[in-house]
Amino acid sequence: MTPASARVGPVPYDQAPWRAVTALAWRQVRRGALVVTALTAAMSATAVAAHRSAVQDLEDAAALEALAGNPAIRTLFGEPVSLDDPGGFAVWRTGTALAVVLSVWGLLAATRIIRGEEDAGRWEVLLAGRVPVTTVVARHVTVLVAAQVLAGAAAFAGLAAMGAAAAGAAVHGAGLALCGIFFTAVGALTAQVFATRSAATGAAVAAFGASMLAKMVADGLPALGWLHWLSPFGLTALSRPYGGASLWPLLLLAAAGLAVAVTAAAASGRRDIRGGYLSPPSGRAPRLRLLGSVQAFAVRRTLRPLAAWSAGIGAYYLLIGVLTLSMTAFLTDNPRFAELAAQAGFAGLGTVHGYTATLFALLAVPAGAFAAVRLAALAADEADRRLTLLFAQPVTRTRVLVAETAAVCGGLVVLVTVAGLATWVGTEAVGADLGLLAALHGAWNVLPIALLCLGAGALALGWAPRAVAFIGSLPAAGGFLLKVIADSAGLPAWVALLSPFAHLAAVPDAPAHGQASLLMTAGAVLAATAGLVGYRLRDLHL
Amino acid sequence: MVSNAVSTQSLSKRYGRVLALDGLDLSVPRGEVFGFLGPNGAGKSTTIRLLLGLARPTSGRASVFGDDARDVALTHRRLAYVPADVALWSQLTGAEILELLARTGPGTDRPYRDELVRRFELDLSKPGRAYSTGNRQKVALVAAFATRAPLLVLDEPTSGLDPLMERAFRHAVHEARDHGQTVFLSSHQLAEVEAVCDRVAILRAGRLVDVAAVTELRRLHRTEVTVSFAGTPPDLSRVPAAEAVEVTGPASLRFTLTGPPGPALEALAAADVTSLAVREPSLEEIFLGYYGGTPQ
């Protein structure tokens, strides 16, 4: 008998078990982490580079500061601090956008790798091992926190490399990372509270939306400036990296993030695996509406997410509408600013119609994301074999895809109409002169870009089903970033023209580009048709 | 000509470098309960995916009642399917899933469905996520049997069921057969295949090893005979059908028998036999024989 076989019981593996858990978490987020880090570095660096040309366009830095004092601009980009400094300009121009990217990525990744994996049943084997659930959750959160620190460091490197002052860059990088860490922790906590990934993600996104709204209100309405202290985005803004940096808001944010993360890890140990603190009821009476056909079922699956997206987008655009009051008042007092705004490239921002047109263009990003996410959900239904029973019915793949795209199309129309209505209600409430039709036209104007996202998502579903969310978001989110980067970095004009946003008219301030809209819609139909061909030809991943 | 319920001609499927299915020729006549056996990775599920048109064959053809399996709008009007691993929409309750499948499917015998729900003791008020593996399988089984479709394709349908539910399953298969339906049953449960199937195909490494009637398959193999006797030990040396004669005691022996038993019985008659046990090999022993394993 050899000594090895004489040993009774399992042979311990030399490596510490939590290292394997850390490696598992990192494998699941590394691609997204690297993309987010690269984006953060690139946007920070290009914004510093853009500072010179932006200042040259205006008579002097003071005029730039005055322009940025416009409540509309503040709502969009936050409160400007030290715009005469390249670092201050970069922070103002990219800070909010990057904080949003890091926060959204952090909370989505947290609910995906924590609740999503547990909900899919993949944690049971993991938790049967030596590592307790609190450690598993803590390790996952730690990996995500490390990814956020990496992204914050990338912001610092991007700013410093282009010659911005290092101290301010460090404060800015820390602020971005802490904002991301806070929402990562929020995602980890909602992943403990709710038993399904969708509910956990929804709750985390709601917290994110509320924080963003609080910050925007605080930026737009000086009387409510104290709201900054209640929002991670507000705290990040209060740190003022290039305006006499203040570390207290960041320390508060760090403490809040740490508290939420520790609560999440501790909470995981006091519940059942696959359960949450708020579990859905175990039984209910059947609701048989919208189960009669593939089309009806596609509508049924779209309704709940549509309601959530509509609530979020509606609230945002209601605020946009309400904020037109402070802008109108500002312009009455300072008539010269409309002219200055036009010079800086924000043409027409000085009027109600111009202001809403600029913000309606932004609507294409969430609307396109909605389309991409819905088709990604169809791909997930296929990968998780929920579609198996449906595909065993006398139902062609063409019918399934057409039903889904039709339902999403309908959802898009509802979504942008809600945004238009909410803006109109907001402007009516404060007595701004927008008009219902103008509001609706402005909102509907972004539909072709959202349809491009739907077409791109369908194309991906047919040929690259694992990349539906990414490819589907490209026309809107990617196009928006491309235009911002091309404009601010002074890239050749044709680069910006690749973005659909270059062809979007500023409706309701200007008439719609009928031809461009038609071309985009035709492109969407072509992409969707090519996707359908691939969907019919390929094996289903059931 | 009446076409077979299921037929495949030189059906092959390649996933990258792996040849999952290699030139399968199979035909299942209407009204038959057909067992589909093979170890993990033999290509059983691949065959079923091709039959259902969920995957495209690399070469060859699969047809259902004579129609190309890729034309799912046509073929799926005459079949119902239970996957090996049933996944349900987590938000829909059992009742809602049955309603969806009934209204998008080939038709449903609702009174029979209610009867099946009762027999399988299925609680339809729970949402999909709350069902255990066995209960998810029951939802799919009830939906499939309730269609009364001419062809039932069942991929390891009882792997999560307890013995009582397995009995309910066998009962439903018998009812389907009595109803003239064809059943294509992929299974690891040899006792189940033995109990319900008329014919069995054995698949190994993507190739068909054998197709035989369950009774025929057994006949291919030797019967084991154990004898105790009071008189002189019988002389089996001149009985060619008796092999591997083994003396197990002063008044008992064991041998295997191939072919007709007449000559062996004649030889035993002289020995004043006190007990005689004849044991048929189980399908499991036959099955393991194909794969070089040894019966437990």
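Every residue gets a Cβ built from N, Cα and C, even glycine.
If you look at the transmembrane segment (A:32-50), the same-chain residues 6 or more away from its ends with a CB under 8 A from one of its CBs are 86-87, 89-90, 93-94, 97-98, 101-102, 105, 109, 147, 150-152, 154-155, 157-159, 161-164, 172, 176, 481, 484-485, 487-490. If you look up TrEMBL, you'll see A:32-50 (among others) marked as transmembrane segment.
Per TrEMBL, the feature transmembrane segment maps to A:90-110 (among others).
Residues or ranges marked as transmembrane segment in TrEMBL: A:141-163 (among others).
Among the features that TrEMBL reports, transmembrane segment is placed at A:169-191 (among others).
Sequence annotations record features per position, and here TrEMBL assigns transmembrane segment to A:203-227 (among others).
Annotated transmembrane segment per TrEMBL: A:247-267 (among others), in sequence order.
Residues or ranges marked as transmembrane segment by TrEMBL: A:306-332 (among others).
Per TrEMBL, the feature transmembrane segment maps to A:352-379 (among others).
Away from its own ends, the transmembrane segment (A:400-422) comes close to residues 293-295, 297-299, 301-302, 305-306, 309-310, 313-318, 321, 360, 363, 366-367, 370-371, 374-375, 378, 387, 390-391, 436, 439-444, 446-447, 450-451, 454, 458, 461, 528, 531-532, 535 of its chain (Cβ-Cβ under 8 Å, at least six residues beyond either end). What TrEMBL lists as transmembrane segment is A:400-422 (among others).
The annotation transmembrane segment is assigned in TrEMBL to A:442-464 (among others). Among residues of the same chain six or more beyond the transmembrane segment (A:442-464), those with a C-beta under 8 A of the stretch's C-beta atoms are 356-357, 360-361, 363-364, 367-372, 374-376, 378-379, 401, 405, 408-409, 412-413, 416-417, 419-420, 423, 470-476, 479, 500-501, 504-505, 507-508, 512, 516-518, 520-521, 523-528, 530-538.
Marked as transmembrane segment by TrEMBL: A:476-497 (among others). If one looks beyond the transmembrane segment (A:476-497) by at least 6 residues along the same chain, the residues whose Cβ comes under 8 Å of a Cβ in the stretch are 39, 42-43, 46-47, 49-50, 53-54, 93, 97, 345, 362, 364-365, 367-369, 449-450, 452-453, 503.
The transmembrane segment annotation in TrEMBL covers A:517-537 (among others).
Non-local neighbours of the transmembrane segment (A:517-537) in the same chain are 397-398, 401-402, 405, 445, 447-449, 451-452, 454-463, 500, 503; each lies 6+ residues outside the stretch with a CB under 8 Å from one of its CB atoms. Within the same chain, the transmembrane segment (A:203-227) stays apart from the transmembrane segment (A:141-163): fewer than three Cβ pairs sit under 8 Å, each pair at least 6 residues apart. Within its own chain, the transmembrane segment (A:247-267) has Cβ neighbours under 8 Å at 134, 137-138, 141, 145, 171, 174-175, 178-179, 181-182, 184-186, 188-189, 191-193, 228-229, 232, 235-236, 238-239, 277, counting only residues six or more beyond its boundaries. Long-range contacts of the transmembrane segment (A:169-191) within the same chain, counting only residues at least 6 positions beyond its ends with a Cβ under 8 Å from a Cβ of the stretch, are 40, 44, 87, 91, 95, 98-99, 102-111, 114-115, 118, 137, 140-141, 144-145, 148-149, 151-156, 159-160, 197, 199-201, 203-204, 207-208, 232-233, 235-236, 239, 241-242, 245, 247, 250, 253-254, 256-258, 260-261, 263-265, 267.
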